[in-house]
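Here's the structure, in structure tokens; my notes come after.
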Amino acid sequence: MAAAGTIPGAAAAIGASVSQRQRRVGAPSFVAAYVSEGTRLVCRRQLRPAPVLASSFISLSHPARRRFLCDAAAGASSGPAGEAKPQGFAERYPALVTGFFFFLWYFLNVIFNILNKKIFDYFPYPYFVSVSHLFIGVLYFLIGWSFGIPKRAPINSTLLKQLVPVAVCHAIGHVTSTVSFAAVAVSFAHTIKALEPFFNAAASQFILGQPVPLTLWLSLVPVVIGVSVASLTELSFNWTGFINAMISNISFTYRSIYSKKAMTDMDSTNLYAYISIIALFVCIPPAIIIEGPQLVQHGFKDAIAKVGLTKLISNFFVVGLFYHLYNQVATNTLERVAPLTHAIGNVLKRVFVIGFSIIAFGNKITTQTGIGTSIAVSGVALYSFIKAKIEEKKQIKSA
């Protein structure tokens, strides 16, 4: 799910907005600066384009170019004494490792969506379920911090103030996504959430004042048309699911805006941990107010009567763990590939989720809904392709 759509994206957005200032003052960053082939070099915490590919003005057949390439390769594979460094599995088979990350990302996301939807069959309380997702993730981080995996990064009041708006938007987006998944079919909810790029483009143009190229706007036309066509004949359609999915899109858009205004050199794992902790405290009050009385009166009793206390608790734990892991793997995948590759992978992930959810739940869809969904996903793919190409050109120019 987009609440999927990922805090990993928030961490990347935070870095992207401050990368130019950090270059001037020498502050560390976890931003990835990609070149045309997606090659990166690490300088402290800052990822920079490889000088080999950056100097593309030299012909590959030029003798100086060949010597430079050979010297660079020799220096990278040898130690201080000129001895060759042993390469690990990841260095020898990078494509295979990256492919595994994509597979794991898809697998965790599909399983989360399926298990999460099944919980609502006997526990129809999406606000409390949202809290359980964040609670398990926070518990995971606290246990990891206690063992130093990863080492907890310190946080000050300035950074905390910057992260609060990001976490609030993350919390609202996550809760409304969960409400939508509870109200309509998972496949339809993901179709609605395909509109998120439209809201991102609108926010960039009209709120941040950043001009959006005409090609990007045109690529969003099939997305809007596809979602409209799918909504007209969707068998599971109801306004609760539709409106909450739209609110989720808007919330995640504002999360991106506030992320760009924040400034931090904290690693993405610790950043996601702090945002999850703040989001958890944001989600608890509305869950108690809206669903608390029902849960106390009969909600927990009915669920325990249907599946048992042990299974109820274990299901909450497993679903929350899958929610946390797929977000974390999405971050790790983003750090391994170029923006274009990740954008295409994100579109394919949505296709996988929609397809497997239809199979898992046996959802009946009309021909018009299927056509609308296909048009919307194709539009997102086109938008992602164009946007990633534009970003790569900007990063090459600024390198």
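Placement of Cβ uses the backbone N, Cα and C atoms for every residue, glycine included.
The transmembrane segment annotation in TrEMBL covers 95-115 (among others).
If you look up TrEMBL, you'll see 97-384 marked as domain 'Sugar phosphate transporter'.
The feature transmembrane segment is assigned by TrEMBL to 127-147 (among others).
Beyond its flanks by at least six residues, the transmembrane segment (214-233) meets 188, 191-192, 194-195, 197-198, 201, 242, 366, 368-369, 371-380, 382-383, 386-387, 390 of its own chain at Cβ-Cβ distances under 8 Å. The transmembrane segment annotation in TrEMBL covers 214-233 (among others).
Residues or ranges marked as transmembrane segment in TrEMBL: 239-258 (among others). Within the same chain, residues 2-3, 5, 9-10, 13, 162, 165-166, 169-170, 172-174, 176-177, 179-184, 188-189, 192-193, 195-196, 198-200, 202-203, 207-208, 231 sit at least 6 positions outside the transmembrane segment (239-258) and bring their C-beta atoms closer than 8 Å to a C-beta of that stretch.
TrEMBL lists 270-289 (among others) with the feature transmembrane segment. Long-range Cβ contacts of the transmembrane segment (270-289) within its own chain (Cβ-Cβ under 8 Å, at least 6 residues beyond either end) map to 7-8, 10-11, 14, 127-128, 130-131, 134-135, 137-138, 141, 145, 150, 152-153, 155, 160, 163-164, 166-168, 170-172, 174-175, 264, 324, 327-328, 331.
Cβ atoms under 8 Å from those of the transmembrane segment (309-326) belong to residues 3-4, 105, 108-109, 111-112, 115-116, 119, 123, 129, 132-137, 140, 276, 303 of the same chain, restricted to positions at least 6 beyond its ends. According to TrEMBL, the feature transmembrane segment maps to 309-326 (among others).
According to TrEMBL, the feature transmembrane segment maps to 347-363 (among others).
Residues or ranges marked as transmembrane segment by TrEMBL: 369-386 (among others).
Touching of the transmembrane segment (95-115) and the transmembrane segment (347-363) is concluded from the presence of at least three CB pairs under 8 A, sequence neighbours closer than 6 excluded.
When pLDDT is averaged over the domain 'Sugar phosphate transporter' (97-384), the result is 88.
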